[in-house]
Every structure is written in structure tokens, then in C-alpha cells.
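Colleague: Starting off with a structure, shown below.
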Amino acid sequence: MNQLEMKKLAAQAALEYVTADTIVGVGSGSTVNCFIEALGTIKNKIQGVVAASKASEELLRKQGIEVFNANDVSSLDIYVDGADEINPQKMMIKGGGAALTREKIVAALAKKFICIVDSSKQVDVLGSTFPLPVEVIPMARSQVGRKLVALGGAPEYREGVVTDNGNVILDVHNFSILNPVEMEKELNNVAGVVTNGIFALRGADVVIVGTPEGAKIID
């Protein structure tokens, strides 16, 4: 079974958490694209979605699913999103698709965060296989970069990428994130940082892992 098939298994299993006549929060990325495709098969069951990226919005509309603005929704029953890495405590690194800030906003609206991944995304320590994305106000890029170096990281400017919010991304290598909650707070306190890709203060409630043996649910 290849990686795409495992992503589809996880995405399909997440449909079990979608209840009738609700608005669903949807993240972004390749695994979420599989979920959007699956959600299209039950689109008449739900009111619509709040999407965390313009790319996801576009795919949802192609499926004929109504997209709501986050400002018009007071809460969501569930938020479904992928991860670049996830640890046993259900904390994540996200932001490979540069949508981390909007993902945090929509996740904060949700009563339950369901993370869908294939088994390659599971790690013991965050930062093991994937650099940490940090969204930065453009004028602060160099200043933030120096601060990240002082903290032991090796930031790399993600050239040619502008976020949906008009900002830039620094991908920070060499971080072994042993205390994700404290690291998330510390980085978010750096002047010029919009947010960073550690999702520890608001981690996942349920993890659905696509494996060669089927979808494994961790709750």
C-alpha cells in the first residue's frame, strides 16, 4: 500500500466524526485534500465548512460544498487537518503548506481536533524529520532569523512563498523540540513572528493514522 492510499484510509475514517447539519472545520494539505474528496460524498449531510486556506476553499467549492467565513461562526464541532509530524502526545508540527496561522485560527474554533496522517508522520520527538515553519512579517525576516539562530536553530527562507496573509516563511532546521508547549510560547513571543508551526497548546484530540493494515484511531 502506498502513501496516498494510506492518506485516503485516514481521510475516509474521519467521515465517521462528521455529524449531520453541522459546519466542519477543514485544514489544508495533501491528506486534507483526500478528506475534502471524501466529504464531497456526504455534502448534503452538512451545512458547509470553514476552510483554513484559499487552496482548500477552492477544492471545497469544486465539490459543491458551501464555505463559510470564520468570522461568521462561533464554534465548530470538529476540525480535520493533517500534520507534517505528530508525537505520542498528539502534538504536531504543521505548516509545510504555509497555512499554519489560519489552521491555528480554525482549530481554535473547534471542540474536537481530528488529525489525519499516514504512518510516516509519526515521530517520538518533534523536529526529528521536518523543519519547523515560522510565519514572519516580511520586514522582520532578518531580525527573526537572527533570534532563531540564537535559540540554536538554522532558519532557511522559503523563497517564492507568500502566505495567504501576505507574510513569509522561515523553515527552522536543527530544532529538537523536547518541550513543545514552551517552545511554541517562546517563539510566538518573538517580535515579528505571526505564529510558528508547533501545535502543542492546542494539540489533536483524535489521531487517525493510515497504515498498511488499515486506519488506526488514537484517542
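Here the Cβ of each residue, glycine as well, is placed from N, Cα and C on the backbone.
Reproduced below are the annotations present in Swiss-Prot:
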BINDING   Ser28, Gly29, Ser30, Thr31, Asp81, Gly82, Ala83, Asp84, Lys94, Gly95, Gly96, Gly97, Lys121  substrate binding site
ACT_SITE  Glu103  active site, proton acceptor
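Mind running through what each feature is packed against?
Modeller: Secondary structure from DSSP puts Lys121 (substrate binding site) in a helix.
With a cut-off of 8 Å between CB atoms and residues at least 6 apart in sequence, the same chain places Gly27, Ser28, Ala52, Ser53, Asp81, Lys94, Gly95, Phe199 near Glu103 (active site, proton acceptor), listed in sequence order.
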Colleague: Drop a 10 Å sphere on every Cβ of the binding-site residues Lys94, Lys121 and tell me which sphere holds the fewest other Cβ atoms.
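Modeller: Among the binding-site residues Lys94, Lys121, the lowest count of other Cβ atoms within 10 Å belongs to Lys121.
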Colleague: Between all pairs in Ser28, Gly29, Ser30, Thr31, Asp81, Gly82, Ala83, Asp84, Lys94, Gly95, Gly96, Gly97, Lys121 (listed as substrate binders), what's the biggest Cα distance, rounded to the nearest Å?
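Modeller: The substrate-binding residues span at most 15 Å between Cα atoms.
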Colleague: As a test of the contact definition, list every same-chain residue at least 6 positions from Ala83 (substrate binding site) whose Cβ is closer than 8 Å to its Cβ.
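Modeller: Listed in sequence order, they are Met92, Ile93, Lys94, Cys115, Val117, Lys121, Phe199, Ala204.
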Colleague: If you count other C-beta atoms within 10 angstroms, which of the binding-site residues Ser28, Ser30 is the most crowded?
Modeller: Ser28
Colleague: Beyond Ser28, Gly29, Ser30, Thr31, Asp81, Gly82, Ala83, Asp84, Lys94, Gly95, Gly96, Gly97, Lys121, what residues of that chain have CB atoms within 8 A of the centre of the substrate site's CB atoms?
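Modeller: Checked against the 8 Å cutoff, the neighbours are Gly27, Val32.
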Colleague: Within 10 Å of the Cβ of Asp81 (substrate binding site), how many other Cβ atoms can you find? Include all protein chains, please.
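Modeller: For Asp81 (substrate binding site), the count of other Cβ atoms within 10 Å is 29.
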